[in-house]
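Data block below; observations after.
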Amino acid sequence: MLEAIISLAFTTFLLLGSPGPAPLALAAVGASSGVREGVPFLLGILSGLLVAIVASATGLGALLLSFPQLTHVLQVAALLYLLYVAYKIATNKSALSSTGDKSVGFMDGFILNLFNPKAYAACIAIFANVALPFESQLQASVVAASILFAVAVVADALWLYFGGVLHRVVKTSQQLRYLRLFFASLLVLLLGYVTLSSNLV
């Protein structure tokens with residue numbers, strides 16, 4: 001049992017904690033606005049992931065991804081929204097010491113992960129490759145989903161915290177501006193890479 005749980009947690013951390021659209025966006029928001037102001041975006045990301053987890057556990061995620069055209073639409077929507085988030089970060093005018101920065105919030109994170117087919121694919125892969133030794137399939141799915149979500153909370157929070165550390169390092173508004181442009185550029189580069197590697201163009 002313990003070995004299966006550790007395997008599930010490790011696999012989840014590798015798949016959901018590695019650099020990708022959501023983790024990099026979390027780091028970008030943390031760097032742009034700080035950890036506290038980035039919490040709503042983090043909660044949105046996690047809420048979108050929760051939808052993907054439930055869909056994957058019930059088989060709905062696999063059904064959705066079985067339609068190539070629908071997967072293509074989801075990919076395009078996620079990438080366009082990632083570009084929108086990058087734009088909001090790059091054009092954020094809030095000062096270094098300001099509070100209540102609402103440039104990127106809960107709905108931005110929720111929509112980004114809701115439309116992210118990679119989140120569904122990762123969850124499906126985790127459920128398919130890690131079997132917990134429970135007699136009841138329902139119980140196994142609930143425990144697996146809980147572990148998956150808990151690990152995702154830790155991994156995503158670490159990405160936000162990483163960005164927040166960089167936010168605290170900058171001393172001037174000009175440096176903060178450069179930091180925002182840097183992370184926005186990283187998001188755009190990631191967008192370009194995913195677009196080319198996924199044959200979306």
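Note: Cβ is positioned from N, Cα and C throughout, glycine not excepted.
What TrEMBL lists as transmembrane segment is 43-65 (among others). Sequence-distant contacts of the transmembrane segment (43-65) (same chain, six or more residues past either end, CB-CB distance under 8 Å): 16, 22, 25-26, 71, 74, 105-114, 116-117, 119-124, 126-127, 141, 144-145, 148-149, 152-153, 156.
Within the same chain, residues 21, 25, 28-29, 32, 64, 103-104, 108, 111-112, 115-118, 180-181, 183-185, 187-188, 190-191, 194-195, 198, 200 sit at least 6 positions outside the transmembrane segment (72-90) and bring their C-beta atoms closer than 8 Å to a C-beta of that stretch. Taken from TrEMBL, the feature transmembrane segment covers 72-90 (among others).
Per TrEMBL, transmembrane segment is recorded for 142-166 (among others).
Using a Cβ-Cβ cut-off under 8 Å and counting only residues 6 or more beyond its ends in the same chain, the transmembrane segment (178-196) has close neighbours at 19-21, 24-25, 27-28, 31-32, 75, 79, 82-83, 85-87, 89-90, 92, 163, 166-167, 170. As annotated by TrEMBL, transmembrane segment applies to 178-196 (among others).
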